[in-house]
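Visitor: Quick one: structure below, then a few questions.
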Amino acid sequence: MSTILESLPTGQKVGIAFSGGLDTSAALHWMKLKGAVPYAYTANLGQPDEDDYDAIPKRAIEYGAAGARLIDCRAQLVAEGIAALQSGAFHITTAGVTYFNTTPIGRAVTGTMLVAAMKEDGVNIWGDGSTYKGNDIERFYRYGLLVNPDLKIYKPWLDQTFIDELGGRAEMSEFMNQAGFAYKMSAEKAYSTDSNLLGATHEAKDLESLESGIKIVNPIMGVAFWRDDVKIAAEEVTVRFEAGQPVALNGVEFKDQVELLLEANRIGGRHGLGMSDQIENRIIEAKSRGIYEAPGLALLYIAYERLVTGIHNEDTIEQYRENGRRLGRLLYQGRWFDPQAIMLRETAQRWVARAITGEVKIELRRGNDYSILSTKSPNLTYQPERLSMEKVASTFSPRDRIGQLTMRNLDITDTRDKLRVYSQVGLLTPGETSALPQIKGDGDK
């Protein structure tokens, strides 16, 4: 039996992830008029552009919800965000600038916590505002069914009747006004924005064109660092970790991780830190483009990565990075709680993060321009005296190095033999000015 309902289940409880915006407001009232019994569930994710969460469930009741609940997801959101940071679960980068998977993390939290609340209320049908071309429809589908195996999915935006009657924002606004709610449609922006406490995503509309850049975006978590009229003074900040957990900023300890991240957002936001412009592959493998903000996570990540490189050896760091990229992709796909993801997370949190204790001082300037000023940790394996060019007690002698280099003769000989084989089969051609052969181009005869 299909878990996806293509038409409204009249007479039944239908839970809707309710943001209070035009789309979900119109959908909720429409479902009520068509005979369903809507229940509204709002996730408090600490969105920087939402200033009155308590009013949202009240509006849902006004629009016809049989019940409305506000679910505080902030602590869980930050916990999952720090777990992603500890694991390096970020696979989308451009020239070293990282997207911190803030929307996928938010969906993992929303998709599980809201469905758990619905299950408590005996609501086994769930709807949300995700469209069929995006990533969220699959993320919510997976997380919802993980929590409630009896869950059915009803999405108004997949119901042709709803689309025919309320297919656009103008129609939705008119529908709400005719119902007596005096709903004033907000002015259309040149792009859409989705946010939570970890970060913000700006995409679609004008940003679908690669000829439009970051300069059309109005940041909601920081400053437009590219504008000459925005004055940004350099600022030094210290970040301290204990056993992989961020615990202090500028010497101030935080017992509450939510408060720590809020302060990290304020510090990083003053500089526009953590903004990036990325082209990515959606779950369905179509490319999309987004401009992202994550000032707090970016600040913590700089310090965390610095300590990782100062504490762990090369092979551990390599495994951490490779696993992190794989884990980031799983997170992006809505598989954050799948066994293979848990395995990768636990490995990084146990064997990488727990050794990360120390303090890093960073100078922040404009955007992602920063300098690391100092690094302190009782666990550092960085010992400059081992490699000092001064006359100091050394862990090895010149004669030891001669022996080590002599042992390299075997693999150098092996490489030379392989190059000769490649030349014999026509893959390489002898160099004219070098003893080394040259790679043949496709046009070479």
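From the backbone N, Cα and C atoms, a Cβ is placed for every residue, glycine too.
So Swiss-Prot says this about it:
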BINDING   A17, F18, S19, G20, G21, L22, D23, T24, S25, A43, G129, T131, D136, D194  ATP binding site
BINDING   Y99, N135, R139, S192, T201, E203, E280  L-citrulline binding site
BINDING   T131, N135, D136  L-aspartate binding site
Visitor: Largest pairwise Cα distance, Å, within the listed ATP binders A17, F18, S19, G20, G21, L22, D23, T24, S25, A43, G129, T131, D136, D194?
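Guide: Pairwise Cα check on A17, F18, S19, G20, G21, L22, D23, T24, S25, A43, G129, T131, D136, D194 gives a maximum of 19 Å.
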Visitor: If you run the three-state DSSP split on S25 (ATP binding site), which class comes out?
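Guide: It is helical.
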Visitor: Counting only residues 6+ apart in the same chain, whose Cβ is under 8 Å from the Cβ of R139 (L-citrulline binding site)?
Guide: P104, R107, A108, G111, S130, Q333, G334
Visitor: According to DSSP, which of helix, strand or coil covers T201 (L-citrulline binding site)?
Guide: strand
Visitor: What same-chain residues, at least 6 away in sequence, bring their CB to under 8 Å of the CB of T131 (L-aspartate binding site)?
Guide: I137, W157
Visitor: How many whole Å apart are the CA atoms of E280 (L-citrulline binding site) and D136 (ATP binding site)?
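Guide: E280 (L-citrulline binding site) to D136 (ATP binding site), Cα-Cα distance: 15 Å.
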Visitor: When DSSP states are folded down to helix, strand and coil, where does T131 (L-aspartate binding site) land?
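Guide: Note: T131 (L-aspartate binding site) is coil by DSSP, not helix or strand.
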Visitor: Tell me the Cα distance separating E203 (L-citrulline binding site) from S19 (ATP binding site), rounded to the nearest angstrom.
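Guide: Between the Cα atoms of S19 (ATP binding site) and E203 (L-citrulline binding site), the distance comes to 18 Å.
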Visitor: Of the binding-site residues N135, S192, E203, which one sits closest to S25 (ATP binding site) when you measure Cα to Cα?
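Guide: Nearest candidate: S192.
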Visitor: What's the most sparsely packed of the binding-site residues G21, G129, counting other C-beta atoms within 10 A?
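Guide: Comparing Cβ neighbour counts within 10 Å for the binding-site residues G21, G129 gives G21.
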Visitor: Going by DSSP, is Y99 (L-citrulline binding site) sitting in a helix, a strand, or coil?
Guide: coil
